[in-house]
Amino acid sequence: MIAEPTDRMLTILIVEDESMIGMLLEDLLQECACRVVGPANSVAQSIALIETGGMALDGAFLDINLRGEFVYPVADALLARNVPFMFITGNATYGIDPRYGAVRTLKKPFMASAIERAVKYFAEQRGSF
Amino acid sequence: MQCRLQPVATAMQLAANAGIRYVFAVLAILVAVVLQQTLDAHFSPLPPYIMFYPAVIIVAAIANSGPGLFTTLLSSVYAGYFILPPHGSFRIEHTGDIIGMLIFAVTGVMVSVLAGGFHRKRAREKKLSEQSLRRSEDHFRILGEGVKGYAIYMLDRDGTVVSWTAVAEQLKGWPEHEVLGKNFSLFFTAEAVDSGRPRQILEIARAEGSFHEEIERVRKDGSHFWAAITLTALRGEGAQPQGYAVLARDISERKQAERDIAASRSQLLSIVNSALDAIVAVDSAQRIVLFNPAAETMFGYSASDIIGQPIERLIPHRFHGVHAGHLRNFAAEGVASRNMEDLGTLSGRRSNGDEFPLEASISQGETEGGQLFTAILRDITQRRRAEAHQSLLLGELAHRVKNTLAVVQSIAAQTHRFSRPEDFYITFCGRLEALGNANDLLTSSEWEGATLADIITFSFAPYSVQGMVERWTTEGPRIWLAPNEAVTLSLVFHEMITNAVKFGALSDANGKIGINWKLTSEDAIPAVTIHWREYNGPAVNPPTRRGFGSKLLERAITHEFNGDMKNDFHSAGFECMVRLPLSAKVRVQT
């Protein structure tokens, strides 16, 4: 049986410095049949995973503030590779650099339906590239 | 009535005068005749007119031309009848006598005419001088009494009052008879007299020609009043003044008004000067005319430096055009005052170039000096900062609440995954309590962070009862952890303590736990290494399956802290080495 590209397991990067939240997101994504990369807890670690991980990423969830460090360089690296991503945030837009105003957000706490929508979004994006 | 009678009286007077003058002429002729008769007896024959020439001259000179001509005529008749032959007849025998009479008559007429001219000239001059006198008297009266409120009086060179007017009496209260002959020091206050002021004033007026001052003076009743005094030296022929003309005016009302204005001005100034808000006023040319101390503090200019300068000095360059437009519109609208909030954020510029936000209200009004715009300004830098801080805190709070909810969600998910359903509630609540305790600890430091010792103590809180607290010890340097790290470590310690209570050292009556930490630098990485050692307890076995506790421990230490850890399940007790590299989030507290 020849697998359609959309049937392939999605590979999702998690960038989140809080272990509890990282663990939760990991569990939730695994429930949605995704393969998880990370969680990475810093910009350097994230970039290393993107550049040398050897894995084609289908999407990413980025916590904006990583122990006082902004995640934007990771966002730029993903943009450069046409990898769709979403910000993880407690607030709708609070603290997000206006340059990334168009980027979708995943709000805490995580609703199962929101995770499903996000995964669907990543799947659609993959189809368009 | 007096006017109608005037010409009659003058005519009668003239008639009486004329009568006397002609009687005088007759008497002069009689005297001349008597002298003629007397002298003729001794020195005969005398020239016939020797006594009549003097008579005509005297009469004409004294009594004017009419009586002169009358004397000439009467003398000629007398000479023709009594003196020239034949006597007792008007007929004249000798041609020489006729010529002599003609000469006398012609001379008498000439003398009389000349005398008449002389008399008319004198009369004219007298009349002119009388008119002139009357005029100057009128002037003085007008000055002295006609000019309302001005008292005019004269002093001699020593300051003695020599003339007085009704207005002077009105002003000062003394009637004329009480002041004439008195020194004008009468009008001065006692202190002024003591200090020799009256004499000084005369000296100044003498030296400079005049003297003016506004001074308190005294009335007859002893009351004081403010007077404007002008002394003018009156110089005669010599260099020294003959006296002084004094012009005095009561200016008490004006002085009171001036004092009222000064009082209200000083009241206003005190309000403006003590105001906490900056008050800046500009004229219609937008030049600063008022700058209070609060404005000096706010803008960093002193009033003396900025007054007269254009208002633009206080406004950032990029707002110059906008401001001028605002002011024009405001002036054009003619509204008396306006709060500037509806103009949006305003900016001021300090002398050092710093910009700052300000709140203002502006008012306009007409003054004698023209249009005046007054702005009351408040520096809202502090308020803006506080507002920004508050908004930041609110944003952070919302973020933290959502984050905590996500952590709770994660705890629920993990508990659900690793616990038996019947244990879920108890286990979940225990973890929630650990999270709550960590939050309490952080709240006490305003979410700045917590020390390792406090985190451990708070994690033991549910078991801190009599007989238990002695069973664990903590020791190590002060290590400070940031809020997120503190929460994670609290959850980690909660799991370790729970395990010790369930399976380890705290599961029997004798077991103990020693928790020590020290600074290490293994592989040149500065870190704090925590040594958890359970002893004296029951023998332990490695767990058969991996639970949430060990998953969290491993994840948190390696993932969140970038550290490492080592577990040992000795038969003597569980032992664990946790190494947390030092960072901005984990550091030695000095």
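For all residues, glycine too, the Cβ spot is worked out from N, Cα and C.
Among the features that TrEMBL reports, domain 'PAS' is placed at B:152-183, B:264-309. Feature annotation from TrEMBL assigns domain 'PAC' to B:211-263. Feature annotation from TrEMBL assigns transmembrane segment to B:20-39, B:51-78, B:98-118.
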Cβ contacts under 8 Å made by the domain 'PAS' (B:152-183) with residues that lie 6+ beyond its boundaries: 140, 143-145, 198-199, 202, 217, 219-221, 227, 231, 234, 240-248, 250
Mean predicted confidence [pLDDT] for the domain 'PAS' (B:152-183): 85
Tally of DSSP helical, extended and coil residues in the domain 'PAS' (B:152-183): 11 helix, 10 strand, 11 coil
Residue distribution over DSSP helix, strand and coil in the domain 'PAS' (B:264-309): 22 helix, 11 strand, 13 coil
Spatial neighbours of the transmembrane segment (B:51-78) far in sequence, C-beta under 8 Å, 6+ residues away: 18, 21-22, 24-26, 28-29, 31-33, 35-36, 39, 90, 101, 104-105, 107-109, 111-116, 118-119
Same-chain residues near the transmembrane segment (B:98-118), Cβ under 8 Å, at least 6 residues beyond its ends: 48-49, 52-53, 56-57, 60-61, 64-66, 68-69, 71-72, 75-76, 79-80, 84, 92
Residues in the domain 'PAC' (B:211-263) grouped by DSSP into helix, strand and remaining coil: 12 helix, 30 strand, 11 coil
